[in-house]
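> The structure under discussion is supplied below as structure tokens; questions concerning it will follow.
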Ligand SMILES: O=C(CO)COP(=O)(O)O
């Protein structure tokens, strides 16, 4: 049984007081039996973590340095530092990092390795652009994004990692992938991992992101291979985010083999 994860990516939004109010409301009201995590802007993680200790709310960072250890890398934050302030997860390869910071598949693979080396659980973000989908390249693009990480890290690394499918055209656009589109790509990702190791592939959680709202999430969660959500805009309002958490609790993941 894969436990559902609802992850809120706050991106570069908020302030110290807004972050405290939002995390406080989520921590006080989130349902049991699922994993709930927030990914605040970096400066807020440590204090929010201290504020929410004992609540069960988990924390993640939106990015990390690909470099391990310490060193003269101005502006970089290492995986070990994120773990030190209480982060459990880290996003790697979000499409906004790939687009605005030129992160290649190989750079993303190194970040994935750095995260795991420090005991963080990476959430590998993959997804195609509108043009790539229209050209019929969705599986090829996502296949390459996965292959780079598999090549450097091996399939065993996915035992402590998740994959986030985020079609670029659905992010912040209000245009969600249909449940069928999401399921199709999630099944493709799982089948690709299954070729390497069936049992790891069936344990790996695959979460969907891209204009997820309290209104459209139930049908996404009902899909066999959708094990949670990576929420952007709707994660900035406690009531919306909590409704998504409740929907996740109401549709627990089924073991994959039941659908075969
Ligand atoms: O990028 C996202 C989460 O990482 C999705 O953002 P939106 O939910 O705002 O589309």
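Backbone N, Cα and C atoms are what each Cβ position is placed from, and that goes for glycine too.
Positions annotated as active site, electrophile by TrEMBL: 94. The annotation active site, proton acceptor is assigned in TrEMBL to 166. Among the features that TrEMBL reports, substrate binding site is placed at 9, 10, 11, 172, 211, 232, 233.
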> Of all the binding-site residues given, 172, 232, 233, which has the fewest Cβ neighbours within 10 Å once its own Cβ is left out?
172
> Anything from the binding-site residues 10, 11, 172 with its Cβ under 6 A from ligand 1? List those in sequence order.
172
> Using the Cβ center of 9, 10, 11, 172, 211, 232, 233 as the substrate site position, which other residues in that chain lie within 8 Å, going by their Cβ?
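Near the substrate site, the remaining chain residues are 13, 171, 231, 234, 235, 236.
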> So among the binding-site residues 9, 211, who's got the most Cβ atoms within 10 Å?
9
> Measuring CB to CB from residue 11 (substrate binding site), give everything in the same chain under 8 Å that is also at least six residues away in sequence.
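41, 62, 96, 232 - these are the non-local Cβ neighbours of residue 11 (substrate binding site), listed in sequence order.
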> Does residue 94 (active site, electrophile) have same-chain partners at least 6 apart in sequence with Cβ under 8 Å from its own Cβ, and which are they?
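Same-chain residues close to residue 94 (active site, electrophile) (Cβ under 8 Å, separated by 6 or more) are 9, 62, 63, 125, 166.
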> Would you count the other CB atoms within 10 A of the CB of residue 10 (substrate binding site), including those on all shown protein chains?
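21, counting other Cβ atoms within 10 Å of residue 10 (substrate binding site).
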